[in-house]
Structure formats: structure tokens, C-alpha cells
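Read the structure below first, then the notes.
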Amino acid sequence: MIDFFLNSEYLPAGDQPKAIKEIENSILLGNKYQTLKGVTGSGKTFTIANIIKDLNRPALVVSHNKTLAAQLYREFKDFFPNNAVEYFVSYYDYYQPESYVPSKDLFIEKEATINTEIEIKRIRTVTSLAKRRDVIVVATVSSIYALGSPDFFKKSAREFSVGQKISIKEISDIFVELYYERTLMNLERDKFSIKGNIIEIWPSSEHGEFAYRICLDFDEIVEIYRISSFSKKNLGTTNSFTLFAKSYFVIPYKNVLEAIPKISYDLNLQCQYFKDNGKLVEAERLKQRVEYDLEMLRETGFCSGIENYSKYLSGSEMERPYCLFDFFPKDYLLFVDESHVTLPQFRGMYNGDYSRKLNLVNFGFRLPAALENRPLKYDEFDALINQVVFVSATPGLEENLKSRVVVDQIIRPTGLVDPEIITRHSDGQMEDLYSEIQKRVALKERVLITTLTKKMSEDLTEYLVSLGVRAKYLHSELDTLERVEVISLLRKSEIDVIVGINLLREGLDIPEVSLVAILDADKVGFLRSTTSLIQTIGRAARNSNGLVIMYYDTISVAMREAIEETNRRRQIQVDYNKKNNITPKTIVKKIQNILEKELNNKNKNINYDLEKIISGERLSKKKLINKLKFELEEAVNDERFEDAIVLRDKIKELSSKISVARNK
């Protein structure tokens, strides 16, 4: 077994050593629940990495959105370059679920656009879990949605090795059995080609880097090469490789044959139920739809919406569907990042899905078994937990009640302390805010201002600009690239102020920000709860001059609690710094991260591919643009804003050159 190797030039510091030790001791004692209560900027991710390394167990890290999950994924990839760090999030760029609106008698067909690159990462995730133990998976709520049987997937593995006695036809049959398709054209992902005594395959779990070439002589494998997927260049030989099914929804054909009579039986029962209750339209509708699906299953082993029959096809007697958790070994560790947000999100997934599908069942669009293709109920999710560490600066009631151990991580390795908080009455707040902005601009520092509505953020930005302040607003109506550019402008000092609404959702941890101004801090609601206020205060915790100003009419309970908790932490941090003679220093974060060698190589390949495209060779326009768009999304999620803008420009350049080439 390969051990986890943590790659870092730093050792745990501040409260990290204590937190690591206490969490590890709790886990080794067999406690199921523990909480890491770490302030913003205290290095919670590094603490998690050390726990994984020390306990040497597979780990699942779940976050509440794709952006934060991508940031964690990049950090863990850097921490563990020699281990399998995988990424498992929803692969839909667009998703309109199948639904029925009774009031309008409107049936809406399922529509979806799948992100191929994300799908590859998902397949790589289950492949890694099937092959090895040194695996860290960073995931979102997708981790509790239905997947195929882990046993079927693991049993799909086929090994090919030099010296193996096997014919081209036998290899071809195995590939087809694993859902790969033969192509007579250029090799593509999920396909294989045969030319004489050579067979090539591009595994679904490979990220485009390479494929395999198997050379045979008299029904014996004599050589296996790793080759470039696009150029077919030889990348070296290997003695063997293992191939898994191209999808984690592996359904043996015998299961399909066994499922058909069960589906027919339930169809008759449900149709009879509709007829007995005078629902003749529903009975006829269901009969037509399911009989068509059954015919497709008999002929091809597949049908549209096959996931709605997963209860019959899985061969499992379980009352819940399989999910990502089932692919992990029993001793895995779960880390729930930002647990105060993530746990409520997990809790709410089942009910929304159930109510939508219940309409489909009640009105004859689906069999009742379709209700079993669903996310886990919260108690099912909880039952699948082996041992968990909840991670949050502001853990909720559930984490505090369940955890046998709650560990504070208050002291930052940088010596930075929580910001000072000043409360000011809202009378004359605009003039006061303008004055404070001017002070920060003079020091070449930045300002974040949080409002309650989009209209307020736009109006305030317009007002500040009219006074000569370099300001931009930031909210959900801006697309990804526009948000990227606004943040990039702030970091490069081309603007001094960002006015936003939910700055937590934007994931704004910008060390240049020394002032956070909270307007209407006393208003009751989600954005001004104790938890949200503490999290917002943390936006100023990465600068040694951090200051928070709360503008109010009447000091609210949430304000008082947030101020008291922040002051408690601040005092502990100040006392520690005095005792250890530490001078806090603002975090230095490069404005433009120099691209790693890997990305530089990719960019060189991009230029090469542009020429290939223009001359009509190799990679198609659609594939290359999709590849660049995926890299753009990764750059945005990693906060590599300069890289994102470069990639955006390359996409525009490619589209332009293709257009010119076609017009010649």
C-alpha cells in the first residue's frame, strides 16, 4: 500500500499542532463525530492534510459548492502530488430535470448538457477508489446522489499484460462488454480501433493525456505502449494495464434480463391501480411509456431514462441507492468543510427531489420505482459516515451537539489577529464610509462593502464613482468572467473598492483588503445572522491592518454575539503574540501566479493545436474550445484570475482564426 506523502515546505504552526493532535486522538479513540472550529486564515486545510497523512486513510472532503470544492481540490493536489487526489462534482453544465406541472398539464422532458471533463474526473474518482487506498476525493452534494453498484464496477476490471494469451477478437469482445465502442475513424475517448494485429483504446478515465496500443503476434500480447491520444506519439512501454468499464453505471446484461419481468409485473399493478381509481389516461400513458422502455431494454440493454429503473437493475435489496460513499473502504475519513452550510444543504436534497418525482408517478409518467433513483435521506447519509470531522469557523448546533471533541484553531501561523470591530450609527454613514475609504486608498489598501440587495450595491457603487472612488459592484448577475475581472482589478489596484451582497459566496479572501464595511448590520435575516456576520468579518482577517465597521440603527442580538466572539478570539491571539514576541504580517499572495510547468506545457500545446485546427488536422474546434473552457473554469476556481483572462483570450482567438480559415 502506498502511504500518503505530504508535500509542504512548512510545518504545522500556531494552533495547528494542537488541533491535529486532538482530532487524531479523538479519531483513534473511535469517536464518530469531531469538530475543527478554525478561524478564517488559520490553515484548516493544512490541518486536514496532516490528519490524512498521519492516519493514512482514504478521505472524502465535501464542500457546499463547486467553486470551493475546486479550490480545495487544487490545494490537496499540491499537498499530495504522489497520491490520487480526485474531484467529484455534478457534471451538468445545464440541467432541466424531467417534471410535470399538473396545474398547466405540462410535461417537461429532461434536458441536460454534460461537461465531458468533469465526467472524466468522476470516472477517475471511482477508478482510483477501485484500484488503491491512497485516495483523497473532494466532492459536493453530488456525493449523495445515486450511482451504480461499486461491486459491479470493481468486477468490471480487466487486466492486459505482455505475454498474455488472447486474440484480437477476445480483446474486442471485452472492450464491448465494458461499454467501449469500436471506431473506424480517428481514436476518441471511450472508443477503440483495430488495425491488423494492433488494437488501440482510449480509456474513459484518462484526461486526454494518453491511450494504450496493444500489439499481438499469434494471439499473444507482445508489446503494450502508452501513446499520445491525439498525435499517436509513443510515450513509452508498459508491462500491463487495467481497464475498467467506461461508466460507473455498470449493468450486467443478465441483470437487464432479470429486471424485465419485474418491471412488467409492477407496470401491471400500477395500471390496475390507476384503473381502479378512474385514472384511465394515467394508466394508458404509463403503459405506453414503460412498454416502449421494455422493448428498448430487450433489444439494446438500454433505454432513455434508464436510471428510473435502477431499483430493478442494481440487483440490490438495499432500501437506498448506491452512492459515492459505497465506493470507499469502511475505514475512510469524512471531512465536511464549511459544515454550517454543507450539512443543511445535504439535509434538504431528498425532499425537493421526492416532490418532483411524486408528480411523475401520480400522473402516470413513471413507475413508483423511479422514486428510488434519488439522493440519500439525511439519516441514510449519517449512517454511511464512518468517522467525520466537521470543519467550520462557525459550526452549527448539530456539530456542537454531536461532537465528542470540539477543537479550537484560533492562532494563525502568520500571527494575524481577528480585525478590530467598530460600530457606528447609520446616520451620516455615506459620508463616514467615504472618509474611511479615502484613508485606505492613501495606504494603498482595498475595501469590501456588503449591502443587502443588488439594487443597493449598484446605487452605492454609482454614488462612490461620482465622488471619484474607483469602485465596482459584484453580484450574481455578473457572469463568471465578469466577476473574475472585477476581483482581478481590485488585486492589481486598478480599483479600490468592491461593493457586494453575499461576499461569502464569492469566496473573497483577498489579503489587500484591510477594511470591511457592513451596511444595515442590524437587519434580521440570513445575511446578517451571527454566523454570516462572523464569516464576513473574516474577510478582513488576512491583513495586519484589518478593520470592520458595522453601520446600524439598533444593535441586534446577532451583532452583539458576532462582536463578542470576534473579540474573544482577538484577545487570545493578541496575548499569544505578546507572549511569543510575534509581529503580525499581512499575507503576501502573488497577484499573478506564475503558471506551473504543467500549465505552461498546456499553453504551448494550445498554440500547436491552434495551427492544427486551422489546417484541418487532428483536434476538432469543438474539442479544443471545450478543453480551453474547462481550463478556464479551473483557473477561476483556483483564483488564478490572470490565467483565466489569458485562456478567455485564447478561446476568442481560436474562434476568430477558425472563422477566418473557413472564409478563405
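Cβ atoms here come from the backbone N, Cα and C positions, even for glycine.
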From the ranges 91-114, 163-186, 259-282, 379-402, pick the one that Swiss-Prot records as motif 'Beta-hairpin'.
91-114
Among the binding-site residues Ser42, Thr45, whose Cβ has the fewest other Cβ atoms within 10 Å?
Thr45
Can you see whether DSSP assigns Ser42 (ATP binding site) to helix, strand or coil?
coil
What mean pLDDT score does the domain 'UVR' (622-657) have in the model?
69
Tell me the residue counts in helix, strand and coil for the motif 'Beta-hairpin' (91-114), as DSSP assigns them.
3 helix, 15 strand, 6 coil
